[in-house]
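Written below as structure tokens is the structure these notes are about.
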Amino acid sequence: MDNSFNDSRRVENCESRQYLLSDESPAISSVMFTAGVLGNLIALALLARRWRGDTGCSAGSRTSISLFHVLVTELVLTDLLGTCLISPVVLASYSRNQTLVALAPESRACTYFAFTMTFFSLATMLMLFAMALERYLAIGHPYFYRRRVSRRGGLAVLPAIYGVSLLFCSLPLLNYGEYVQYCPGTWCFIQHGRTAYLQLYATVLLLLIVAVLGCNISVILNLIRMQLRSKRSRCGLSGSSLRGPGSRRRGERTSMAEETDHLILLAIMTITFAVCSLPFTIFAYMDETSSRKEKWDLRALRFLSVNSIIDPWVFVILRPPVLRLMRSVLCCRTSLRAPEAPGASCSTQQTDLCGQL
């Protein structure tokens, strides 16, 4: 009885606390802010170089930037904007030794932080879903993709996602749900236990993660089918036909390699978001007393914030040479597991997945 009373008093103290405790340090928040801004700026610089290369291409040449990279650019911009709009509020709280509730009249800083946090977390997941859907259509339904999907249409994805996120995350401002302050007083989020909005928000994120994983699995299966069909067609060719349109076969291998690179990048970003969202999902479905006692609220926020920091670094680290290395490892394992057909004339060639001649 006394423990539950103390827990409720602690919750009320966190929601109304005006000053930070003396042992609170801004070190973690500062490192996260610096890493987030630096990673996103480097990723944007690399993407800008690709955009400049695309602009310099002649009218008849192949463009160097794809719809997938348009969506990656929009994801990086979203992560950078979220980092720059959220972290400075936390650093201001530490510098003034005041909680977010006390930082501005009528808890405006607390409401601002909670709204931007929910908005950019949802927008990031919607961007990943858009990227996964683009890959699914490009690989699984190429005819529809060529006729209906364009790079110009990809530019409309960002405002559409922002519009949906704005409507959904504005519900607490319309009295469906409420934003409150959590310990140690440097962050605010959806109130736990008063309405079903927190569970609804977590469920939407979970459904998006499942949808992205479903799209990725479908793309993997389609790539495997394409690889097997291409290998069978090469094996069935006679020696005279093998001396035919070599540039076409080279283009097919390059296309397969690019699709595999896109899939690797998207898969790692999706796994990262799924791992970062797991503590938040657990927190949303826990009862309020247990979540506070086990400090799941603070873990959920930190994991959710880390995602916008990791995403750009994934893109920065997974440059083409690294992706080629990963593809070669995959090809090596595939070739070791697959038995060689005796007398096959194409056994000395690399598979399309490798993207190499």
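Here the Cβ of each residue, glycine as well, is placed from N, Cα and C on the backbone.
If you look up Swiss-Prot, you'll see 235-245 marked as compositional bias 'Low complexity'.
Marked as disulfide bond by Swiss-Prot: C110-C188. Sequence-distant contacts of C110 (disulfide bond), defined by Cβ-Cβ distance under 8 angstroms and a gap of at least six in the same chain, are L100, V101, L103, Y179, V180, Q181, C188. In the three-state DSSP scheme, C110 (disulfide bond) falls into the helix class.
Residues or ranges marked as N-linked glycosylation site in Swiss-Prot: N6.
What Swiss-Prot lists as region 'Disordered' is 235-255.
As annotated by Swiss-Prot, topological domain 'Extracellular' applies to 1-24 (among others), with the evidence given as sequence analysis.
Swiss-Prot lists 49-66 (among others) with the feature topological domain 'Cytoplasmic', giving sequence analysis as the kind of evidence.
Note on the topological domain 'Extracellular' (93-112): residues 15-20, 24-26, 29, 173, 179-181, 185-188 of its chain, located 6 or more positions outside it, place their CB under 8 angstroms from a CB of the stretch. The topological domain 'Extracellular' feature in Swiss-Prot is assigned to 93-112 (among others).
If you look at the topological domain 'Cytoplasmic' (134-152), the same-chain residues 6 or more away from its ends with a CB under 8 A from one of its CBs are 65-68, 70-71, 215-216, 218-219, 222-223, 226, 259, 262-263, 266. The topological domain 'Cytoplasmic' annotation in Swiss-Prot covers 134-152 (among others) and is backed by sequence analysis.
Residues 10, 14-17, 19-21, 24, 29, 90, 93-94, 99-101, 107, 110-111, 113-115, 117-118, 171-172, 283-285, 287-288, 291-292, 297-298, 301 of the same chain lie 6+ residues outside the topological domain 'Extracellular' (178-199) yet bring a C-beta within less than 8 angstroms of a C-beta in it. According to Swiss-Prot, the topological domain 'Extracellular' annotation covers 178-199 (among others).
The topological domain 'Cytoplasmic' feature in Swiss-Prot is assigned to 225-262 (among others).
Per Swiss-Prot, the feature topological domain 'Extracellular' maps to 287-299 (among others); the stated evidence is sequence analysis. Averaged across the topological domain 'Extracellular' (287-299), pLDDT for the predicted model comes to 62.
What Swiss-Prot lists as topological domain 'Cytoplasmic' is 324-357 (among others).
For 25-48 (among others), the entry in Swiss-Prot reads transmembrane segment, with the evidence type sequence analysis.
Sequence annotations record features per position, and here Swiss-Prot assigns transmembrane segment to 67-92 (among others).
Per Swiss-Prot, transmembrane segment is recorded for 113-133 (among others).
Sequence annotations record features per position, and here Swiss-Prot assigns transmembrane segment to 153-177 (among others).
Contact between the transmembrane segment (200-224) and the transmembrane segment (67-92) is not supported: fewer than 3 Cβ pairs lie under 8 Å, counting only residues 6 or more apart in sequence. Taking the Cβ of C188 (disulfide bond) as centre and 10 Å as the limit, one finds 25 other Cβ atoms among all the protein chains shown.
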